[in-house]
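> To start, I am sharing the structure in question, which I have written as structure tokens.
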Amino acid sequence: MNTSLPLSNRFLFTYFTLINFLNFLDRGIIPGASSQFNAFITSNLETNSPDVYLGLLQSAFVAGYSVSILYSAHLLHSNRFTTLLTVSLCIWLISILGSGLSGEKILGGSYWSLLFFRCLSGVAEASFQCIIPPLIQDRCADVYKLQLKDQQPHLSSLDEESSFSVSTNNGAKTQPKDATATWLSIYFTAIPCGTAVGYIFGSVMAESSLGWTWAFYLEGMAMVPLVLFTVVLRWSEKRREELREPKKKYLEIESDKLLAPLLQNQNNPPPTSSPRRVSRLIDPSTLHLRPTMLTELKSCLSSLPFVSIILAYAAYTAVLISISTFGSAFVLALGFYDEETTASLVFGGIVSVAGIVGTPLGAVIINSIQYSEEECKEGEDGEPHDLLKVAKSMKLLNIAQFTGILFLSPMVFATSSILFLSSMFFGCIALFVATAFFNLNAMLSVPRQHRSFAVGLLTFGLHALGDVPAPVVVGYMKDSLAPACDINSKGKFDDLQECRDQATGIRITLGVTFSWLIFVLVYVELTRRR
């Protein structure tokens, strides 16, 4: 019966994408309602520089993330990914509930309480962000290998359930393709979409009679079914293992070729842990090694392409987070709109559409790369060497990022809303192309058994060097160069006309922010040259 089979790849990837969407919707609430949060900060802390605290609030999740990300990735060597996912989503629900309660009288309307629960949301995000990309790569690799062996007359029920169609409508066989880049792009499209929807959602809720606290409550309610579904997911993955394992002994598995090194080398001791506790993201042939966190850290950082990818991704993220955090404030200060709700709707809509177009476009570009027969022989299973894939794809990424800089530049001096928004739209499309490139190439730049740790380290690096300092620096620069554009306790500019007279300060802030993209070009080129 179908109810006894594991979940299909499409269903599983859709589930992961929904989680990522809600996670980034949560990230968009604060910048979407920046005036109301600035009013909350001003009345709570009695400060004249609320944008600095707003930037700190937006990047606070990184504190919790940095504490847990590397340890969470390392736990995959001894725990099911479903266990880590369940725990992380439960912590996420607690952080969302606490964020809403921090604005209520029950907690005294405390800024510091809100800051703590935003930090806690980073702990929750840590686990699933280092699990999902390698899992997608593994599942797509399984399907790709099945397609290469499609001439075999029989497939197991597991393979039929989890594989994608490889036939055309007339029954003719198609050339197999690795779908990793495609599914990674779909997963990461949730980032701009979730952020943009959260931007609009936060603005609408803040302007409603319910207030911004209910924005957190409602998103928490939406996450509850996804948390409960982890019970089904755990059962499905357990059933998947049972279908792949023999009824006799663990080491007698014939279908799982990953165990071949154990059978060929009798000097290697058998795995010390039960296979039921082994994540599929870890190569079973390396279980007896049990690397320490320090070993994994050294292995990842010894890869120069991987280090360059971290630095490029951090600079890239710094620009995007700065635009998303202060975008509506910039639009208001430059006089393009008079109401924050309108500015948030327009800004959020543009970013959302740009993300929907740009992120999958990255996968299209990656899939368009061609390799010669000689290049294909350099790797395994008729595939090009991983570092060759990195070098070729990064060359195309640099072209896309340079195009993005050209499109974004007019925003600095634009006096027309059409020019400003059009420039932002096409520039963001070019920027969002990079998401799939960075994540896929990070996994290709390190040994297979360290991929999850590498993804965790990559995300930690982009947050520590991008998400954390950028909103604070840009917020301080904005407050210094355009002090009249500070938000008062009523969520309005003290003097809107004076703020618009200081538009030069806003434009300088934009120009400095966009200049960080130069570092992206430099580090991407270093990655390409290996």
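Heads up, the Cβ atoms here are built off N, Cα and C, so glycines get one too.
Unlike curated records, TrEMBL annotations are generated automatically.
For 12-32, 52-71, 83-103, 115-136, 183-202, 214-235, 304-337, 343-366, 396-413, 419-440, 452-474, 505-524, the entry in TrEMBL reads transmembrane segment.
Each of the listed features needs to be described in terms of its position in the shown structure.
Long-range contacts of the transmembrane segment (52-71) within its own chain (CB-CB distance under 8 A, at least 6 residues past either end) are made by residues 27, 30-31, 34, 37-38, 41, 45, 111, 114-115, 118-127, 129-130, 293, 297, 321, 325, 453, 456-457, 459-460, 463-464, 467-476, 479.
Sequence-distant contacts of the transmembrane segment (115-136), counting only residues of its own chain at least 6 positions beyond either end whose CB sits under 8 Å from a CB of the stretch, comprise 13, 16, 19-20, 23, 26, 56-57, 60-69, 72-73, 76, 81, 84-85, 87-92, 94-96, 98-99, 102, 180, 183-184, 187, 280-281, 439, 443, 451-453, 455-456, 459, 463.
Residues 9, 13, 16-18, 20-33, 132-133, 136-137, 140, 212, 215, 219, 324, 327-328, 344-345, 347-349, 351-352, 354-356, 358-360, 362-363, 428, 432, 435-436, 439-440 of the same chain lie 6 or more positions beyond the ends of the transmembrane segment (183-202) yet place their CB under 8 Å from a CB of it.
Within its own chain, the transmembrane segment (396-413) is flanked in space by residues 316, 362, 365-366, 369, 419-420, 423-424, 426-431, 433-434, 437, 507, 510-511, 514, 517-518, 520-521, 524-525, 528, which lie at least six positions past its ends and keep a Cβ under 8 Å from the stretch.
Within its own chain, the transmembrane segment (419-440) has Cβ neighbours under 8 Å at 133, 137, 180-181, 184-185, 188, 191-192, 309, 312-313, 316, 319-320, 323, 331, 334, 336, 346, 350-351, 353-355, 357-359, 361-363, 365-366, 393-394, 396-397, 400-401, 403-405, 407-411, 455, 458, 517, 520, counting only residues six or more beyond its boundaries.
Tertiary proximity for the transmembrane segment (452-474) is limited to same-chain residues at least six positions away from its ends with a CB under 8 Å from its CB atoms, namely 52, 54-56, 58-59, 62, 65-66, 69-70, 72-74, 76, 122, 126, 129-131, 133-134, 281-282, 293, 296-297, 300-301, 306, 309-311, 313-319, 321-322, 325-326, 438-439, 442-443, 445-446, 509, 512-513, 516.
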> For the transmembrane segment (214-235), which partner among 12-32, 83-103, 304-337, 343-366 gives the most CB pairs under 8 Å?
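Selected stretch: 83-103, with the most Cβ pairs under 8 Å.
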> Could you pull out which residues elsewhere in the chain have a CB under 8 Å from any CB of the transmembrane segment (505-524), counting only those six or more residues past its ends?
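Contacts of the transmembrane segment (505-524) (Cβ under 8 Å, skipping residues fewer than 6 from its ends): 308-309, 311-312, 315-316, 318-319, 322-323, 330, 333-334, 394, 397-398, 401-402, 404-405, 408-409, 411-413, 431, 434, 470, 474, 477-478, 480-482, 485.
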> Other than its close neighbours in sequence, what residues sit by the transmembrane segment (83-103), given a CB gap under 8 Å and a spacing of at least six beyond its ends?
19, 23, 26, 40, 72, 75-76, 109-111, 113-114, 116-118, 120-121, 123-128, 131, 211-217, 219-220, 223-224, 226-227, 230-231, 233-234
